[in-house]
Ligand SMILES: Nc1ncnc2c1ncn2[C@@H]1O[C@H](COP(=O)(O)OP(=O)(O)OP(=O)(O)O)[C@@H](O)[C@H]1O
């Protein structure tokens, strides 16, 4: 705590800043609403004031400049309105708590020390001469996060500034009143962090600006790496740092980077709702948010049914052990591997030489162009041309062929039949087309005359000898052309979309017997379950369905053959829960966003999907995705979410993970063995009531899979537990209360208390499920309670007998 005198000085300064904010708000508010009216007025008058006159060239020019002028005026007013509006909003946001930190810094070579107050945004006094508050993202503010009092420095566009930090202070301010002031010698005082972390969980994630830790700050401000990889233990603040980083980038590059040029790939739609308030809280717009599944659906959903990752994990967790299961699991691993990625790349090269598969173009039950014709045309192109480019040439060829075939088709009998059934509208269309054609041929500009002539002809009147335009002959030929053209339209559209390539067949062909597969792909390491994997994949394909593990390789192959799509607008891609993506998916993202930098955040300790990628191993495909010189890896080991007691328990579940608990004390986890399922339910209900009475209000009953969620939901409800919320993969909003959910949906989110419904050895015994169990337990901030009706899962190594209770 600081002295009473210092406290008083601080409160006086706070009053001064609050007063300054109030008076500038009062000044700006009427201006902003005035501007809003002006802009609306200009919009309304826009067309009234502009008289469109195109009689002469000068008139036209005048009109053009008048529009331009109005437009410039409007956009200037709008810009100024936007800027003032933003200033007003940021001042209003600052008002209750204008800053959270202060550093006193004496720059080398100067004889005085400057007081830098740091808050969520900048605020200057009336004449904009003095900064009363510095935005946390300014270069000078970085020292607050990076240094303790003593020698310190920061980077500016003009170079490094060095000096001495003489004071570092933290504030808790509510409604313009100082609540707490801490002087700190640590980088960021533990006291403030203790207080923040001790609070209850929210339905929405909070911003951490006031307590960003040094290592998190390096993530937030990294502006060099093309690829920034963050491997961080559960609760180490990866998601928090990612969102602060978005806010930082938007601030630093505000003149050229907009929120919609940043994309976040999230683990599930509910997560989107969980993180959606952080950026608005910081005065920034939200970035785009999506899931990889959405992307797959977008490109493949119209032709194939794609299993989603949750269906896949449900299978992995619930299906009975059998040969088929082993094969599917082995397939999941193999299809997500780099080996398979290379196999597909080699397969594409092989296809450049032989084996390409096409779908013939059918028309009225006939084959217009056969697959064989396409194949021989395709392989007639120069082999040095890239596969996708050759495919482009073939597409051009097909379109030309269709033009020829379309012409030939006009004399077919079916066309005559169709002519007899044309309706009035189609006739009218033909006449209007004829009219245009006639106008072009005659090159006459007298529309009236033309109309009369054509109209006359329409009524059967003769045209003069010199007018040789034979309308009836022309009419029939035009109608024939129209009819055939209409029928050929879908053929052309399909050709343009590369529908003539048999991608299903190409992917299917890949799953050939061992020797053929090796020959086509140069692959040496084929899983021993290969025949069964082939059978399963082919069966699925025959129904135009794809396993989740097949969807990305399938799309990858499709793009190797057709050419890849790219999005050059996006500049930053964030991948949260990055361990859950396969090498394929990363190659994809790199190709899809060629101008973007990538930030991947994840924890291999929580890798619950079979397609997992290790983020930090030297030979991790992620580390090799971009050039080594462009790649940075940052490790976070300190865990902030859970109490020390919970972290000590959870880290024993994963002996190889490096996790350091933050020193926040709480109750030890409680392991309760109940005599029956009913007794367990009764105990859970009683525990929930106690936890509520203690003041907690966000709870999760976490289960292994969806079936167990439903069962526990029903059992607990039947025994009188009300207001339970059953979370499924379709749930899109995150709310407080008691949620019942499978562990894989609890990824990335947190609760005051977590209750593991069934921690028995019967439910969790496979080594592959250890990380799932760990993920579930690490969702707890303050309390962790585990229940069983049988033996405890072997992952629990707790020797502390005081944790165990029996009913
Ligand atoms: N510097 C910080 N100051 C205050 N709170 C923090 C800080 N860093 C992390 N936290 C808090 O710790 C909790 C966990 O953070 P976050 O969800 O970002 O971690 P994570 O690494 O993404 O976790 P997980 O991988 O387990 O999903 C959140 O409540 C967050 O607010």
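Cβ coordinates come from backbone N, Cα and C, glycine included.
TrEMBL lists 232, 233, 234, 235, 236, 237, 238, 239 with the feature ATP binding site. Non-local neighbourhood of residue 235 (ATP binding site): 639, 640, 641, 642, 647, 750, 778, each in the same chain, at least six residues away, with C-beta under 8 Å from its C-beta.
The annotation domain 'UvrD-like helicase ATP-binding' is assigned in TrEMBL to 211-643.
Taking a Cβ cut-off of under 6 Å from any atom of ligand 1, the binding-site residues 233, 236, 237, 238 reduce to 236, 237, 238. Mapped onto three states, the DSSP output places residue 239 (ATP binding site) in helix. Counting only same-chain residues six or more apart in sequence, the Cβ atoms lying under 8 angstroms from the Cβ of residue 234 (ATP binding site) belong to 603, 605, 606, 639, 641, 642, 650, 659, 774, 775, 778.
According to DSSP, residue 234 (ATP binding site) is assigned to coil rather than to any helix or strand. Per-residue pLDDT, averaged across the domain 'UvrD-like helicase ATP-binding' (211-643), gives 88.
In sequence order, 208, 213, 216, 636, 640 constitute the residues six or more apart from residue 237 (ATP binding site) in its chain with CB-CB distances below 8 Å. In sequence order, 603, 636, 639, 640, 641 are the residues of the same chain, not among 232, 233, 234, 235, 236, 237, 238, 239, whose CB sits within 8 A of the CB centroid for the ATP site.
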